[in-house]
Amino acid sequence: MNTELFGVLITFLLTIILAIPLGKYMAKVFAGERTITDFMNPFERLIFRISGIDPKAGMNWKQFLKALLSINLLWFVYAFFVLIFQNKLPLNPDGNPGQTPDLAFNTAISFLVNCNLQHYSGESGLTYFTQLFVVTFLQFVSAATGIAALVALFNGLKEKTTSNLGNFWNLLVKSTTRILLPLSIVMGIILAFNGTPASFDGKDTITTLQGDTVQVSRGPAAGMIAIKQLGTNGGGWFGANSAHPLENPNYFTNIIESIAILLIPMALVFTLGFYLNRKKLAYVIFGVMTFLFLVFVSINIYFETKGNPAIDRLGVAQHIGSMEGKEVRLGSAATAFWSIATTSTSNGSVNGMHDSLTPISGGVAILDMMINALYGGVGVGLLNYYIFIIIAVFISGLMVGRTPEFMGHKVEAREVKIAALITLLSAFLIKSGTALAAYFVSHHPGLAWSVKPAAWLNNPSYHGFSEMLYEYTSSNANNGSGFEGLGDNNIFWNVTTGIVLILGRFLPIIGPVAIAGLLANKKYIPESAGTLRTDSITFGGMTLAVIIIVNALSYFPALALGPLAEYFSLK
Amino acid sequence: MSKRKHEIKLFEPALVNTAIKQSFVKLSPRLMIKNPVMFTVEVGTFVMLAVVLYQLGTKDSTQGALWYNIVVFAILLLTVLFANFAEALAEARGKAQAESLRKTREETPAKKVLLPGDIFVKEIKVVPSSQLRLGDRFVCEPGDVIPMDGEIIEGIATIDESAITGESAPVIREAGGDKSSVTGGTKVLSDRIVVQVTTQPGETFLDKMIALVEGASRQKTPNEIALTILLAAFTLIFIIVCVTLKPFADYANTPITIAAFISLFVCLIPTTIGGLLSAIGIAGMDRALRANVISKSGKAVETAGDVDVLLLDKTGTITIGNRKATNFYPANGVGQKEFIEQVVYGSLADDTPEGKSIVELAAKQVNPNLSPDQFRDQHLAVHNAPVTFIKFTAETRSSGVDLPDGTKIRKGAFDAIRNMAQKAGNTVPKEVEEQVKKISSDGGTPLVVAVNNEIKGVIELQDIIKPGIQERFERLRKMGVKTVMVTGDNPLTAKYIANKAGVDDFIAEAKPEDKMNYIRKEQATGKLVAMMGDGTNDAPALAQADVGVAMNSGTQAAKEAGNMVDLDNDPTKLIEVVEIGKQLLITRGTLTTFSIANDVAKYFAIVPALFIASIPALQHLNIMGLKSPESAILSAIIFNAIIIPMLIPLALKGVNYKPIGASALLRRNLLIYGVGGVVVPFIGIKLIDMLLSVFM
């Protein structure tokens, strides 16, 4: 058990050690300074020339968002149709069928919004072509979109007064060529050397020790697994994601993949410090995120390594913890750590089944996705955290008797309105989605749909409720992991979660970028002795309090009816 | 804070009665909708009323016991009434405060001057003050109470303003200067003045302020709007929580009564701050008024709390009045007594405050029993022939007397007297020159005395810095407010006084446009500037400043330009105004935090109560050990209701402001109102539940 804890600790420390230099490097990339990746210059210039883009042309927040949203719409249309017609396209050695329109809608949206709410299994639901040119492609550009939006926020904070948030196209391209591609190449090679397939051949047939033959799916998986971890997308090549022995072969790859989940989101926090030259602010933000992250990790490791009380009562010893839905080669502690890493960062990859987590761990995973700002998805995590900062700034500004200001700009009614709406949005999407599903399950269980509401839930009672709650929380957070007991590949779930995915992705990008644009346009107010410092531990504590209170107030009843009720009943 | 003569008790019975009546009047939905949080509570109350009426009609018991629903209805109604009461009480207090000032100017006879066009030109007719209109002129003679606010256009008078300011020492008001305004209700003690009415009846600043307090013309300040939005968002979140709870409960096979839903909702939404928000705003203006400052809008008070730069006139704010003589330094070979004698003669013609202070000091040193005037007369009486006064002129830059015996005594600036002496072939004594330099470098003003063009010694004039002013500036610095001294002195003297008083910056040799330029410069860097002024030439700067406080004694133009008027004419008042502004924001912030933090305990009371029947395991969440689901819900809503009146004193008096730095202040307030906000309701709800369990 101590070895397992040590493994978790090493993983986390290694992540921090790697994240700091990466954060510094990214700050240089965004500032246009010289970096070791300058050899990409000709390639980028080629892209800009072909697309007729002037990468130096500044954009105000409206132009920036317009560019961001229009290219995303284009990608959606492209992905939707390619998925439907994938059976007619090349690179389909296993002869997999095209997707149904509702599944294609859900899949396209899912990857567009940097999520992996895969209501299919990769082995049978996609072809190599769509794995590469839809899923992997979107895994790169959706992550780059998030980073670009975050840098727009940085640019708004960097200048005293400006309307220029940077050029979206430039940031999109450079995030891909300078950050995501190089890191993915390194990681893909590591994975391939550890046994992850990287082949265009179809299914392989092997004979097991028992003598029967088994079909084993494979494909060019290593590269995609690298970007799904690094880009906080999480969409696995195989249905079982990183619990699959080919997707995550051994404890070493598990460490690499765990680090990859947290690396860029964590590094971006440091980037904020380097890019804005406000290192202390970055450390305070990092501190708040890390504090809550470690609290969650500790809770989950405690409950997962302790085992299930119901099994205890049967007199069965659980020395290695609760192993239902976990991989023996990884262990309960590593899975508990991953469950928090993946839900913190809206990654959504799993190395064990979250449906099988003990009630409190499952509840913490849900809560973690509700907060969705502990490091968070690449780029968007910090944007979410920024919303909490705005609310914390507003309330604490009042508490010290000054009209609130953040980094030299007054926070007034308009910004508070946007921040409040974004906060409200999560609660609205998660709770109304779950309420709708619960309504059908309890009032119309026998509806003549392809899958009857009564058949949605694999588990009755509290856990069934948690399955629904998890699905919508995961959708809103663009996380993508699921309590997989839920029968979710049908029109109701595909469409409703699809809508939640879109709203849960783009509004929380639009809101913070708009606030950044509005604030940056305002007159700059120099700091004085009366200014409330936002890079102090006190203010960090205030932000932490806002995060906890807002989420506790929004979700306490739902969490009480799902995970808490299950936990207390099991006790 | 300064004098609080018009102190009104917090729960003055007469005011409480008015407020109680008003709380019912304010139940009108048209008025309630202005406060979205409390409006939703009122809607909830009506729904409960409907439930009660339905039960009375149908004897349906699926919605719980009738008595229980009636109690819930009553408590919700009380919640709304308490919030209304808070607002009404704040209004009543503000109004009473303003009225007590207005009372001083009720119907008084006015001696109206008839103008050309009237039958008897310049004749005086006694009319009631209410008949005076803008532009009318009236005469006041000793003993008259001034009937209306106005500006003196003729004459000079001493006036007793104690009715307004509480200050018993009479003040001088005269036509033409910066001290030309008189206030209705004050009393003329000597001389005759002609005053022109400057405002239409019912449109004085006080009238405007009363209208603000009464709510008719009260507009929400930007900050209040932002907070209202945030509170509305919280309310919406709790609407979502409560609405979605219905399908959740259905899924868990738990019936939930309407009363329980509404109770949960009302407990969760921020009723505490929602109910007290407008009371806090009104109380801010009221506190300003209590400090004898009339604010023309609620926003002005709020902005004051944000001010970054304070422009303060040196004279009267930082130093006491004018410069005063502090020392006499005779040249070598001149006796102290002889020199004083010469000094006194040299100053006889100088009736500036500085000149008078020289005679004063001399009198004190020679014969402490005599008053300066007696001392002065004594000196004049020595000579049987009249002495010739030589007045100060810009060319000679000196003044003095020619005595009947031909002795010429002159006193003036060093270089003027030096030139005079050198022209006559006399040298300047070395020790005098050194003394002059020393005095200058100490921030003082040296005046040199010559007798028959021979330099006899130096008089030192010094500014006297007000006692305690350094501490006030220190306090301001801790608040993050930069203080700037404005003075006509030369830069050297200004710098010395600035350092001594502890101001951060100064404007020396200031002309009126310098103030304006300084304000513009600071505002261009995003700072908010406050200043105080009285003269007509201050008016543009007062208008430009974010907070402009005009002295009541100042010209009408100045008063129109500023956004506050100080009835006390106290230049240090700005400092108080800043604190009142900060207090206003802090009170809002802390009560918001308190209100929201309260919800944690309420969740722990109500959520287990709702589900315990069907999910017994949730009993573990009943950490307060409340007796029954019914008592738990009632305890929560009772706590929610009574916390409003319990916080009224805090809302009206304001949270104490301590200038301890922003971070420390945040820590302190988070600890008291954040952590306190979490803990207090746990205790409160438990106590109420114990009390209820006696009856239930």
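A Cβ is built for glycine as well, from the same backbone N, Cα and C atoms used for every other residue.
Remember, it's a predicted structure, so these values are computed and weren't measured experimentally.
Proximity of distant same-chain residues to the transmembrane segment (B:36-54), defined by a Cβ-Cβ separation under 8 Å and at least 6 residues beyond the stretch ends, is recorded for 27, 29, 60, 63, 66, 69-70, 72-73, 76-77, 79-80, 83-84, 228, 231-232, 235, 239, 258-259, 262, 265-266, 269-271, 273-275. Annotated transmembrane segment per TrEMBL: B:36-54 (among others), in sequence order.
TrEMBL lists B:66-86 (among others) with the feature transmembrane segment.
Summarising the annotation, TrEMBL assigns domain 'P-type ATPase A' to B:123-214. Residue counts for the domain 'P-type ATPase A' (B:123-214) under DSSP, split into helix (H, G, I), strand (E, B) and coil, are 17 helix, 35 strand, 40 coil.
Summarising the annotation, TrEMBL assigns transmembrane segment to B:225-246 (among others).
Under the heading transmembrane segment, TrEMBL lists B:258-280 (among others). Same-chain neighbours of the transmembrane segment (B:258-280): 35-38, 40-41, 44, 47-48, 51, 63-64, 68-69, 72, 76, 79, 82-83, 86-87, 89-90, 215, 218, 224, 227-228, 231, 234-235, 238-239, 241-242, 245-246, 584, 587-588, 591-592, 594-596, 598-599, 602-603, 605-607, 609-610, 633, 636-637, 640, 643-644, 647-648, 651-652, 654, counting only residues six or more beyond its ends whose CB sits under 8 Å from a CB of the stretch.
Annotation source TrEMBL lists active site, 4-aspartylphosphate intermediate at B:D313. Around the Cβ of B:D313 (active site, 4-aspartylphosphate intermediate), 20 further Cβ atoms fall within 10 Å across all displayed protein chains. Under the three-state DSSP scheme, B:D313 (active site, 4-aspartylphosphate intermediate) falls in the strand class.
Summarising the environment of B:S398 (ATP binding site), the number of other Cβ atoms within 10 Å of its Cβ, over all protein chains shown, is 22. Secondary structure from DSSP puts B:S398 (ATP binding site) in a beta strand. What TrEMBL lists as ATP binding site is B:D350, B:E354, B:F392, B:T393, B:A394, B:E395, B:T396, B:R397, B:S398, B:S399, B:K411.
Proximity of B:D538 (Mg(2+) binding site) to non-local residues of its own chain (separation of 6 or more, Cβ distance below 8 Å) is seen for B:D178, B:P512, B:K515, B:M531, B:A550, B:G554, B:A558, B:A561, given in sequence order. Annotation source TrEMBL lists Mg(2+) binding site at B:D534, B:D538.
Summarising the annotation, TrEMBL assigns transmembrane segment to B:600-619 (among others).
Within the chain, the transmembrane segment (B:631-650) has long-range Cβ neighbours (under 8 A, six or more residues past its boundaries) at 10, 68, 71-72, 75-76, 78-79, 82-83, 85-86, 89, 259-260, 263-264, 266-267, 271-272, 275-276, 279, 587, 591, 594, 598, 602, 605-606, 608-609, 622, 624, 681, 684-686, 688-689, 692-693, 696. Per TrEMBL, the feature transmembrane segment maps to B:631-650 (among others).
Per TrEMBL, transmembrane segment is recorded for B:670-695 (among others). Residues 590-591, 593-598, 600-602, 604-605, 624-628, 631-632, 634-636, 638-639, 643 of the same chain lie 6+ residues outside the transmembrane segment (B:670-695) yet bring a C-beta within less than 8 angstroms of a C-beta in it.
Tertiary proximity for the transmembrane segment (B:600-619) is limited to same-chain residues at least six positions away from its ends with a CB under 8 Å from its CB atoms, namely 245, 249, 252-254, 256, 260, 263-264, 267-268, 626, 628-630, 632-633, 635-636, 639-640, 678, 681-682, 685. Comparing the binding-site residues B:D350, B:D534 by how many other C-beta atoms lie within 10 angstroms of each C-beta, the top residue is B:D534. A distance of 25 Å separates the Cα atom of B:D350 (ATP binding site) from that of B:D313 (active site, 4-aspartylphosphate intermediate). Panel annotation: around the transmembrane segment (B:66-86), residues 19-20, 22-24, 26-27, 32, 35, 38, 41-42, 44-45, 48-49, 51-52, 55-56, 259, 262-263, 266, 271, 274-276, 279, 630, 633-634, 637-638, 640-642, 644-645, 648, 651 of the same chain, lying at least six beyond its termini, place a Cβ under 8 Å from a Cβ of the stretch. Within the same chain, the residues at least 6 positions away from B:K411 (ATP binding site) whose Cβ sits under 8 Å from its Cβ are B:V343, B:G346, B:S347, B:D350, B:S398, B:S399, B:G400, B:I417, B:L447, B:V448, B:V449, B:A450, B:I459, listed in sequence order. Shown in sequence order, B:I390, B:G412, B:A416 are the residues of the chain, 6+ apart in sequence, with a C-beta less than 8 angstroms from the C-beta of B:T396 (ATP binding site). Secondary structure from DSSP puts B:K411 (ATP binding site) in a beta strand. A straight line from the CA of B:F392 (ATP binding site) to the CA of B:D313 (active site, 4-aspartylphosphate intermediate) spans 26 Å.
B:D313 (active site, 4-aspartylphosphate intermediate) and B:D534 (Mg(2+) binding site) are 11 Å apart (CA-CA, integer value). Across all of the domain 'P-type ATPase A' (B:123-214), the predicted model scores a mean pLDDT of 78.
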